[in-house]
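What follows is a short report on a single structure.
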Amino acid sequence: MCHSLLPLLLCFCFFQLILTYEDHRFKNCGSSTSTTYTANSTFSSNLQEAFNRFKNNTALTILNSTIYTIINGTDPVTVLALCRVDISAVECQPCIEAATIGIVEECPYHSSAEIWYSLCMIRYSGENFITKPDYTVVLTIWDVRDVPQPDIYDKKVQEVAQNLSISAGKSEERFAVGWTNVSSTLRLQGYHVCTRDLSSEDCTYCLRNARRTIQRYCLGKWACWIATPSCDIRLNLDPVVFNETRMFAPQIITNYVVTDPIPSPRILNVRNARSENGLIIGVTVGGFVIIVIMVIGSLWLRDIDGKKKKKNKMERRVSRDAQEDDDGETTIIDIVESGSFVFHFEMLVVATENFSLANRLGTGGFGSVYKGKIGNYGQEIAVKKLAVGSNQGVEEFSNEVMLLLRMQHRNLVKLLGCCIQGEEKMLVYEYLHNKSLDCFLFDKSKSALLDWPKRFNIIAGIARGLLYLHEDSQVRIIHRDIKASNILLDEQMNPKISDFGLARLFPDEISQLRTRRIAGTFGYMAPEYAVRGLLSAKSDVFSFGVVILEIISGRKNYDSQLDEPEQELLNLVSSSNAYIYRFLFIIPINVHAYSSIIDQHSNVNHVADLDAERNWEVNGNDRCDYWFISSTRSIEVHTNRIVMLSGEYTR
C-alpha cells in the first residue's frame, strides 16, 4: 500500500533542495544547411534502435562511453553516449534515457545532433565520427565568485589542467580526476575526459585545444566547464563537484595531488602503474594496500554516521511538524493518518493503463508524466512518475510536495496527492487539456489559435501566479525555472505555473541570497544568478520577461536553425531602432492583432533594452520587482507599463 508512514515521512524531510538538472545544458542540431530524415525512413529506424539499446543498457558500460553504429540499408547511424565517470549507474541510466528523448524533441528529424546534460551527453550522426575527433568548443560555463589569492590560484588552475590533460590521454579510460589544495579550507578539483573512441594522442590534443580557452573562462573563476563533442574539462572549488566515494572504484584511475606551495605535480595512476613509472611517486604495494584499507574503513564509518544523522534529522523534522500542529497547521502525520492525500499504487496503475506509452504526456530528466482517469465519473488526472533509482528525483519530489501542499491559487497547478510504494514515487495533479504553453507557441498550426487577447491574458495570469508565490503565499517561494514548458494551459487557455521541483523557500527578512549551486534552464536565468549565484524574486522576474518575449514573438529564446544574427531572441529585440518598432518587429504574421497591440500602446509604455552584454552587467537589485506595474496590488490586464530592466528606455 502507498500510505506506509515511514516512506512518506522520508519524502518530506528534505527542505534544502540540491541541484537537479531536468533540462539540457546545451544542444546542437547541426547547421541550417544540414540534412534531415523522415519519420518512417531507414535512418529513423536505425536511430531508434540505437536509442533502445541505450535504454536497455545497464549503464555500467555507458559510464566510460558507449558507441553504437547501426547499419540497416543505406542509411547508417552512429550514436555515442557518455556519462560523467564519477556517478553511479542508477544516476547515469535516467540521464541517458532522458537524453534519448530530449535530443529527438529538441532536434526533430535532424540527421546529426548532440545534447548535453550535467551528468551525461548523447551525440549521433549519419556520418561515422568514430576516431574523428571534433575539437570545436560548444559549451562554456563559469562561476565568477571571488577566488582566494588570484595570482596563485590561476597558476594552480593552469597546472592542474595541463597535468590532467596529459594523464587523461595516457589512461585507457581516457579520463583523469584530481585536486590540489588552494587554502586550508579549499581545494581545486579537476575532471578531464575524452570519448573512448579517441586515441591517446587525439585525446591529449583535444584537451590541450580546450585548454586554450581556460584563460578566458577559468582564470580567476570559482568554477568553469569547457566542452567539445570529443572532450570535456571541468574545474571547481566547490567541495561536492565529484562523487569521491567512487574515486576508489576500478573505473577511477587517477588522483592528482599538488601540495602547497606549488611543487612539481604528482600523479598517482593506480591501474597503469607499470606502464607509467615516470608518473608514480613512491607508491609501494604495501602502502597502497594500507591506503585502501584505511579508505574502506573510513567510508564504512562515514556510512554508519550518515545513517545516524539521517535518522536524527527525520526525528527532528517530525518534532517540528508536531509543534506546527499546535498552531493549527496540517502536518505530514495528519495527512498520512487521514489518507486523504495518498493515492494507492494499484489505483494509479489502472488509471494510466499500466503507465502505457499511449498515455504518456511527456518525459523529463527524472521521470515521465502520464494521463489517467479515476473514479466512476472518469476524472482525468496527470501522474508524474519518477524514474526508479533517481536520488536527485527524490529530492525534487519531496520539494514539490512540501511546497504545493501549502499553496492554492488559480494560476498554479493543483496537486491532488502523492503515492509511494517501495522505490516507486508519484505525484498526482489536475489534468490540463491544452498541455503546456510551448506546445502552442512553437507550433505553426497551433500558434494561430493564440490571438493577442489570449496571449495578453496568459502573460497577466503568469504575473498573478508569481505575485502570489513571492508575496501572498504562506511561505515565500522562488520558482527558479519559469519557462514556456512549465506554464500549463486549461481549457480556457488560462495559465498555471507548474513543476516546482527546483523551487526554493525564501526567508522573508532578506531580499537576496547567494546559492552555491545553480538550478534552472540557461536562456531563462537572470544574469546575476547564472553567473554569481545571486538569487532573489527578481530571478523569476527575469525568466518571466524572456517568456513574455516568446509569447509576443511566437519563437524560442534561442533557435539554432536560424541565421546567426537572428538565433538569440534577446539580441534580435535589441537590434531595432525604436521601442515601438522593436516591439512590432518580433510579432509573427499569424497574430492578427496589430490594431489591438497599438490600442494597448498607451498601457505599454516601454520595452527596455535587451542587449545581451548589458544584461550580464546589470545589477539585479536595480531590476523592477514585477514586469507588470499596476496602480493596485492586483495585476490588471491593462497595465501602466511593461519594463524589462530598471529605467526608461532611451536611444
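Think of each number as a place in line: the chain as shown, counted from 1.
Each residue, glycine too, has its Cβ placed from N, Cα and C.
Over in TrEMBL, the protein carries these features:
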- 1-20: signal peptide (SIGNAL)
- 24-129: domain 'Gnk2-homologous' (DOMAIN)
- 135-240: domain 'Gnk2-homologous' (DOMAIN)
- 279-301: transmembrane segment (TRANSMEM)
- 355-651: domain 'Protein kinase' (DOMAIN)
- K385: ATP binding site (BINDING)
Which same-chain residues, if any, lie at least 6 apart from the residue listed as 'ATP binding site' yet have Cβ under 8 Å of it: F355, G367, S368, V369, Y370, E424, K425, M426
The domain 'Gnk2-homologous' (135-240), counted residue by residue under DSSP: helix, strand, coil: 37 helix, 31 strand, 38 coil
Three-state composition of the domain 'Gnk2-homologous' (24-129), taking helix and strand from DSSP: 36 helix, 28 strand, 42 coil
Averaged pLDDT, computed only over the residues in the domain 'Gnk2-homologous' (24-129): 81
